[in-house]
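Undergrad: Sharing the features that Swiss-Prot gives for it:
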| type | residues | note |
| --- | --- | --- |
| DISULFID | CYS113-CYS205 | disulfide bond |
| CARBOHYD | ASN21 | N-linked glycosylation site |
| TOPO_DOM | 1-41 | topological domain 'Extracellular' |
| TOPO_DOM | 63-70 | topological domain 'Cytoplasmic' |
| TOPO_DOM | 92-115 | topological domain 'Extracellular' |
| TOPO_DOM | 137-155 | topological domain 'Cytoplasmic' |
| TOPO_DOM | 177-212 | topological domain 'Extracellular' |
| TOPO_DOM | 234-253 | topological domain 'Cytoplasmic' |
| TOPO_DOM | 275-287 | topological domain 'Extracellular' |
| TOPO_DOM | 309-325 | topological domain 'Cytoplasmic' |
| TRANSMEM | 42-62 | transmembrane segment |
| TRANSMEM | 71-91 | transmembrane segment |
| TRANSMEM | 116-136 | transmembrane segment |
| TRANSMEM | 156-176 | transmembrane segment |
| TRANSMEM | 213-233 | transmembrane segment |
| TRANSMEM | 254-274 | transmembrane segment |
| TRANSMEM | 288-308 | transmembrane segment |
Amino acid sequence: MFLYLCFIFQRTCSEEMEEENATLLTEFVLTGFLHQPDCKIPLFLAFLVIYLITIMGNLGLIVLIWKDPHLHIPMYLFLGSLAFVDASLSSTVTPKMLINFLAKSKMISLSECMVQFFSLVTTVTTECFLLATMAYDRYVAICKALLYPVIMTNELCIQLLVLSFIGGLLHALIHEAFSFRLTFCNSNIIQHFYCDIIPLLKISCTDSSINFLMVFIFAGSVQVFTIGTILISYTIILFTILEKKSIKGIRKAVSTCGAHLLSVSLYYGPLTFKYLGSASPQADDQDMMESLFYTVIVPLLNPMIYSLRNKQVIASFTKMFKSNV
């Protein structure tokens, strides 16, 4: 089906270009933060440090969960998967941005652009599904504590993880397939620091209304479904906690769920505003800042958010550190 769509869209593009006798652009310029040329070196160093800390933090968390048998439970399986996705998301965007800070040419080929876009949509969507899965896991742990081992079996956890990654891949394939109908013949300037769908649609000389509709339908559906799952899960958790009227239980629930709620807020806030304001042609700078937050800053913060207030993770880290000294 995907190959058929690609064939149809490529054929349509070639026919349109033959009719218009236009020149097809196959390279683009990522403007990024070019409007601040005096800050190139400081920005390069800042983002390099952020990227290194992000990779070390997320990979370190994965290794910690993998090595400690006490962390081989669903909650940490999902957390390790989130750390992997965060490291992948940051690696999709940051290296190219760092190269562009130092390179004279800011060019990116169409094929490179499509690969980056595909990787970005896959990781961003997968993270949405993972955050929803983690909310469901917390719901079962708090509201159905006695049945938790029965419900959250290894088989179910693996299925939820696989579905999250498949959902991310399918979402990316849909937008990638529809992007083959686009042609670029007027401008090759992408007002962004990576290849994203909205900036590409803005410079396309093909009618991109179908693509905008696909973004609205599919990206909107993913956000509504995952945010809805998270809100329902935590609403039930809240009522369950209030019914128990136990200070100790409330503290434990807040400690367990607080990190996840903070991560969800930081991630979905800019992501939602980005697509709500994407139709505005004046929103380029704001769009870049929102994108920077959920592609670079959130992957940096997540390991800290989930680790600093988690006694099990801290104890595991201390134990592993002492054993290696």
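Cβ coordinates come from backbone N, Cα and C, glycine included.
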Undergrad: Out of 71-91, 116-136, 156-176, 213-233, 254-274, which stretch touches the transmembrane segment (288-308) the most, going by CB pairs under 8 Å?
TA: 254-274
Undergrad: What are the DSSP helix/strand/coil residue counts across the topological domain 'Cytoplasmic' (309-325)?
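TA: Split into helix, strand and coil, the topological domain 'Cytoplasmic' (309-325) gives 14 helix, 0 strand, 3 coil.
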Undergrad: What parts of the chain pack near the topological domain 'Extracellular' (92-115), using Cβ distances under 8 Å and only residues at least 6 beyond its ends?
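TA: Counting only partners 6 or more residues beyond its ends, the topological domain 'Extracellular' (92-115) has Cβ contacts under 8 Å with 25-34, 40-41, 43-44, 47-48, 50-51, 54, 123, 176, 179, 184, 190, 193-195, 200, 295-296.
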Undergrad: Grab the same-chain neighbours of the transmembrane segment (213-233) for me: Cβ-Cβ under 8 Å, and only residues 6 or more beyond its ends, written as numbers and ranges.
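TA: Residues 125, 128-129, 131-132, 135-136, 138-139, 167, 171, 174-175, 178, 197-198, 201, 264, 268, 271-272, 275, 278.
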Undergrad: Against which stretches of its own chain does the topological domain 'Cytoplasmic' (137-155) lie, if we need a Cβ under 8 Å and a gap of at least six residues from its ends?
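TA: Hits for the topological domain 'Cytoplasmic' (137-155): 74-75, 78, 233-234, 236-237, 240-241, 253, 256-257, 260.
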Undergrad: Apart from its near flanks, which chain residues at least 6 from the ends of the transmembrane segment (254-274) lie with a Cβ under 8 angstroms of it?
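TA: Answer is 124, 127-128, 131, 134-135, 138, 141-142, 223, 227, 230, 234, 237, 287, 289-291, 293-294, 297-298, 301-302, 305-306, 309-310.
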Undergrad: Going along the chain, which residues at least six beyond the ends of the topological domain 'Cytoplasmic' (309-325) come within the CB cut-off of under 8 Å?
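TA: Contacts of the topological domain 'Cytoplasmic' (309-325) (Cβ under 8 Å, skipping residues fewer than 6 from its ends): 61, 64, 67-68, 70-71, 76, 255, 258-259.
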